[in-house]
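Engineer: Handing you a structure now.
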Amino acid sequence: MIKLFVGLGNPGPEYEATRHNAGFWWIDALARDWKLNLVPERSYHGLAARTNIGGQSVWLLEPQTFMNLSGKSVGALARFFKIAPEEILVVHDELDVVPGQAKLKFGGSHAGHNGLRDIHAQLGTGDYWRLRLGIGHPGVKSEVINWVLKKPLKEQREAIEDAIVRTLHAAPALVAGEMEKATLIIHTSKPPRPKPPRREPGDGGTPATA
């Protein structure tokens, strides 16, 4: 059961549309879906909103500490409300996944992501859920920092937005703790193919109109 949805990014208008802020885009979209307003919460060093689903409090959080101090925000809220690491989902940009795809993962290393690195440190564990939104890789390691801090091309942004829309459908399953169902929704990168037109018996292959 997910009780805390965290989106990673950097605060400020100059970073708003950059690849590194894909996690913020996801939380913004979820807040719109759930008709919530993210408001500054100084105690948790971020923008936050709380709702009630099935009698359970669920939080949305966007740390405003800059990426490499994200754990300060996540840790503060999680500790105060006694939210366990396994009840946290962190949504972040992922270099090793192409735009338009997303991957749900539990645990593991921070893989060099500075936001995850600090969350690991503040929670004292890597045993929390991550939703990895693909932003693609520049192809050269030396270009990674420049890549994540730039805006994606129009078609890349559209692909990322498509992934956000699709993965938001998994939110109810994530809250309910139905992780297999959530994984199926998130990892289905394309809608199912439409069924072929129905044919009337013996019509010689012409699609039926009724």
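Quick reminder: no glycine exception, Cβ is built from N, Cα and C everywhere.
Straight from Swiss-Prot, here's the annotation block:
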SITE      N10  site 'Discriminates between blocked and unblocked aminoacyl-tRNA'
BINDING   Y15, F66, N68, N114  tRNA binding site
ACT_SITE  H20  active site, proton acceptor
SITE      D93  site 'Stabilizes the basic form of H active site to accept a proton'
REGION    186-210  region 'Disordered'
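Show me how these features fit into the structure around them.
Structural biologist: N10 (site 'Discriminates between blocked and unblocked aminoacyl-tRNA') falls within neither a helix nor a strand when secondary structure is assigned with DSSP, and so counts as coil. Residue density at N10 (site 'Discriminates between blocked and unblocked aminoacyl-tRNA'): 21 other Cβ atoms are found within 10 A of its Cβ, drawing on all protein chains shown.
Reduced to three states, the DSSP call for N68 (tRNA binding site) is helix. Less than 8 angstroms from the CB of N68 (tRNA binding site) sit N114, G115, R117, D118, each of them six or more residues away in the same chain.
Residue density at H20 (active site, proton acceptor): 22 other Cβ atoms are found within 10 A of its Cβ, drawing on all protein chains shown. DSSP assigns H20 (active site, proton acceptor) to a helix.
In sequence order, L8, R19, H20, N21, A22, G23, L133, I135, V148 constitute the residues six or more apart from D93 (site 'Stabilizes the basic form of H active site to accept a proton') in its chain with CB-CB distances below 8 Å.
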Engineer: Give the sequence-ordered set of same-chain residues, not counting Y15, F66, N68, N114, with Cβ within 8 Å of the centre of the Cβ atoms defining the tRNA site.
Structural biologist: N10, H20, T65, M67, L69, S70, G115
